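> Encoded as structure tokens, here's the structure I'll be asking about.
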Amino acid sequence: MESLGRNPSKKAIRSPAGPGAQSSRNQNGQAIKFARRTSSGRYINLSREDLDMSGEISGDYMNYTVHIPPTPDNQPMDTSVAVKAEEQYVSNSLFTGGFNSVTRAHLMDKVIDSEVTHPQMAGAKGSACAMPACDGKVMRDERGNDVTPCECRFKICRDCYLDAQKSTGLCPGCKEPYRVGDFDDDPPDTSSRALTLPAPDNMDPKMSMVKSTNKSLLMRNQTGDFDHNRWLFETKGTYGYGNAFWPNKDSDDDGEGLEGGMVETDDKPWRPLSRKLPIPAAIISPYRLLIAVRFVVLCLFLHWRVTHPNEEALWLWGISIVCEIWFAFSWILDQVPKLFPVNRSTDLSLLRDKFDMPSPSNPTGRSDLPGVDMFVSTADPEKEPPLVTANTILSILAADYPVEKLSCYVSDDGGALLTFEAMAEAASFADLWVPFCRKHDIEPRNPDTYFSLKGDPTKNKRRSDFVRDRRRIKREYDEFKVRINGLPDSIRRRSDAFNAREEMKMLKHMRESGADPLEPIKVQKATWMADGTHWPGTWAVPSRDHAKGDHAGILQVMLKPPSSEPLIGGAEDKIIDFTDVDIRLPMFVYVSREKRPGYDHNKKAGAMNALVRASAVLSNGPFILNLDCDHYIYNCQAIREGMCFMMDRGGEDICYIQFPQRFEGIDPSDRYANNNTVFFDGNMRALDGVQGPFYVGTGCMFRRFALYGFDPPQADKVVHKPNAEAYVLKPSDFDPDLDVEQLPKRFGNSKILAESIPIAEFQGRPLADHPAIKYGRPPGVLRGPRPPLDSAIVAEAVSVISCWYEDKTEWGDRVGWIYGSVTEDVVTGYRMHNRGWRSVYCITKRDAFRGSAPINLTDRLHQVLRWATGSVEIFFSRNNAFLAKSRLKFLQRLSYINVGVYPFTSMFLIMYCFLPALSLFSGHFIVQTLNVAFLVYLLIITICLISLAILEVKWSGIGLEEWWRNEQFWLISGTSAHLAAVIQGLLKVMAGIEISFTLTSKAVEDSDDIYAELYLVKWTSLMIPPITIAMVNIIAMFTAFARTVYSTTPQWNKFVGGAFFSFWVLAHLYPFAKGLMGRRRKTPTIVFVWSGLIAITLSLLWMALTPPTVGGTAPADGGGGFQFP
């Protein structure tokens, strides 16, 4: 895979064909270009003279080049006005397209009703165009200043500038040809020029500038330009025209140490970015021993149970034996993968030193970290409030990661204008919020959470202006919330006004045309954008091409890519002094994929795959981090934490980094185990010591290359080419079984998408700074700027999110998120593990992400129902771990088998929960007598269970109460949601029938309580089995007690056995009973039923203890006078 970097860059791919230009495609679609690959994997165009220079030179002397470095009086200037104009056009245009339709770019003067100030944001415009009868706006640079392409400073908009260039090439202001950059007060741009001088006859051989293909580009940066800063740093040269580069005479031409940058001169010892911390032996050794002891005791106990049947009640004995054998099997599947839990730690300071700090090869301190594309998914603004999504976006834009390496994509699967304008408002507010967070080191960077924190906000704040800045930001955020919450009414009023105007126009037209005035006016009730045009997505009043499931694909670059250099703010630019603060914002893109009737859009998995393709075309970050709309970044360095694993030695075979899910707004007692800490801190930490944790849907950093369905790097598949410098890597080089001609079948017909794959793989490699790193990349290759966006690239991104693009491809089957299951997350992770990848569990000291979770009983049950249904679908599909390949490790296979099997435990659990009641009713127990052997086995198993729980609490860090809450909800969900999932899955597989379990919600009377939702009582059919189990066990206990009391020969041993297990069942159902009771101090009907049962039982007990007398004489038999009928 060493040749993976030999690939064309996006810049080379995007270069437009023109006179004298080297097009990336000819008429036959083949790539023909004269270029040379830099150490970063990018290509730079070469002239014929450059090609002659790059060959083998016979002789010791050749021409050398003198470079003019940038001095304080000679600063390089970006003269590509056309590129600026194109990027401005892209960021101000709303792109739409889809199946059998032309991709259109709608230039928007206004994106939102409020004023836009940040120059990166869509809708940001400069001064008015000076051309007559033109209402366009002048282009703006990174600082928001007007861009004037001519020396006469004539203000002209982008369209007029392009028209002038095409027609006469003359500036409309001075009537002279455009001479960009030759201003009297600006120095000439010589940074990209080189003065070629002939070599003197007696020139020293050291003056040979280019001697091999590797060193010819040694002093070039990623864009192909000469790296003057590095040249000055290495040569210690002085400013002037006489300094030339002197390469090392003794350097090895064929060595790879210089590729991508000079060798670092410091002698710091190599250190890993992450470490694996084993569990202390004093905890893990007894833990493993107890697992073995309990396994042996279980086997002996089951053998004893099978060989000692209860002859008096074989049916009771048989049911219990079957259930206990299944419970033992289920315990093995759950417990054995926990044999090797691990902890991990990261070194963030070392990551910063390696990738972000200035060095001899990086004097300016540009970051060498790979790009990260952040995905946020939302579908319905009514169920997922736009303010919550906007806060998540703000936390992403303010993350502590190089701005130019971070891109954020939001997927609006509902195509709602409300979400679109809410995201635009969030991008506008980020102009203040993001620099404020950087200036004062704010945590967390979700503004709603930050301003809701209790405590002293000035703690650990050093700047004297913090209080003033915070007060101003708080006021701006309050106004921001008002605007977001007022968007539905604003959009409705705006649409009503425009629709009324259209009706008036239609009525006027009908009058002028002489139509019948009584004929009803037919005007579509459209939804209108802020600029007075139709919204291409879903309308409030659905119509054709504007309804949920039927609308065009939409893509809007809300924030265009930032400049490669820091953009320092000032004291007068904003309401806050941002002096010495970088005010750049990451790229932010709104995406709503095309939807049409008759297509299976595959819900969230399809939306995520659309984002994968669109981001590959636009930014192609080698890593992807996906979040739900209600999960925000709580730790601004979370991305860096994950990057410590990806960039470390051995990180090339990591497919994803899974972070634990943490939740807010859950009641302190965590009644329904919403935090799920046993799973996230126990099971997932244990799997990290095997092959890696499951993918759980959110808070996960993916390697893009692994999502594409490729296997992890293998040494026996590496393809080495003799002419490595000129060789362009193809995807088949790291997957020999992949035919290049079959690329469209796997990834679709986008050539740009296919060509981005090797680039993403190369840029996602760890640094090759240690001999043990076999699949690394040279240091410094990712320090160059990203190519600017143009309309052709954005149009390509629109085409890959169309509804037809996945037809006859492997998207959803092998590539991307996998389709066919409600729990697409688990299946996607399973496919990667099955190909040999491994994953890592990253638990940070400060929670990486936080989100919300349902806290009332019914919503929690339906959440578990969805998960269990997906597990049943996995069990009956080819994703069953029984069918896994040999690359899946044995313990990892057991854990995935448990994922598909655990819902079926509900059938045995329900039977076992009824066994105590059946035992009490029948007067028999699961064993014939409570002898010593049974009690000893039961005691040992119970002691092992308690000891394992205590040790698991120790190494996982969870609380004993949390462990008990998890046990309680395991029985509650096992007797309700899991059983429903099994029934639903069996009916779907065998009969093709799908059942939906609906619920009825009751309004909350008191909304002041933050846990008001906890007390909601929503009836659902899932509650029937647990209620039945509880009632039957309660009635059985009191019935058996009364019968035993009145029995002439009471058998208390059988009653105690049955009552003990009934109490065990009822103790687990206690949270369920509290959920039925609703709010405190309110008495539901069930309480009266239970009270009546207790009253009757107490009456029977009183009659037994104080029997009635007849004539003052007690009955002769000494028993009570009451008998059951």
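Every residue, even glycine, has its Cβ placed from backbone N, Cα and C.
According to TrEMBL, the protein carries these features:
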ACT_SITE  D413  active site
ACT_SITE  D825  active site
BINDING   S377, K383, E384, D413, K603  UDP-alpha-D-glucose binding site
BINDING   K604, D628  Mn(2+) binding site
COMPBIAS  21-30  compositional bias 'Polar residues'
REGION    1-30  region 'Disordered'
REGION    182-205  region 'Disordered'
> In sequence order, which same-chain residues at least six apart have a C-beta under 8 angstroms from S377 (UDP-alpha-D-glucose binding site)?
V410, S411, D413, K604, A607, M608, L611, N626, D628, C629
> Hey, what's the widest CA-to-CA gap across S377, K383, E384, D413, K603, the UDP-alpha-D-glucose contacts in the record, in Å?
15
> Would you list, in sequence order, the residues of this chain other than S377, K383, E384, D413, K603 that have their CB within 8 A of the centroid of the site's CB atoms, where the site is the one recorded for UDP-alpha-D-glucose?
T378, A379, D380, G414, K604, A607, C629
> If you count, for each of the recorded positions E384, D413, D628, D825, the other Cβ atoms lying within 10 Å of its Cβ, which residue has the minimum?
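Taking E384, D413, D628, D825 as the recorded positions, the minimal 10 Å Cβ count falls on E384.
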> Measure from the CA atom of E384 (UDP-alpha-D-glucose binding site) to the CA atom of D825 (active site) and give the result in Å, rounded to a whole number.
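With distance taken Cα to Cα, E384 (UDP-alpha-D-glucose binding site) is 20 Å from D825 (active site).
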> I'd like the Cβ neighbour count for K603 (UDP-alpha-D-glucose binding site), meaning other Cβ atoms within 10 Å of its Cβ, all protein chains included.
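So the Cβ neighbour count for K603 (UDP-alpha-D-glucose binding site) comes to 14.
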> For K383 (UDP-alpha-D-glucose binding site), what is the tally of other C-beta atoms lying within 10 angstroms of its C-beta?
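Taking all protein chains shown, K383 (UDP-alpha-D-glucose binding site) has 9 Cβ neighbours within 10 Å.
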> Let me know how many other Cβ atoms fall within 10 Å of the Cβ of K604 (Mn(2+) binding site).
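For K604 (Mn(2+) binding site), the 10 Å Cβ neighbour count is 19.
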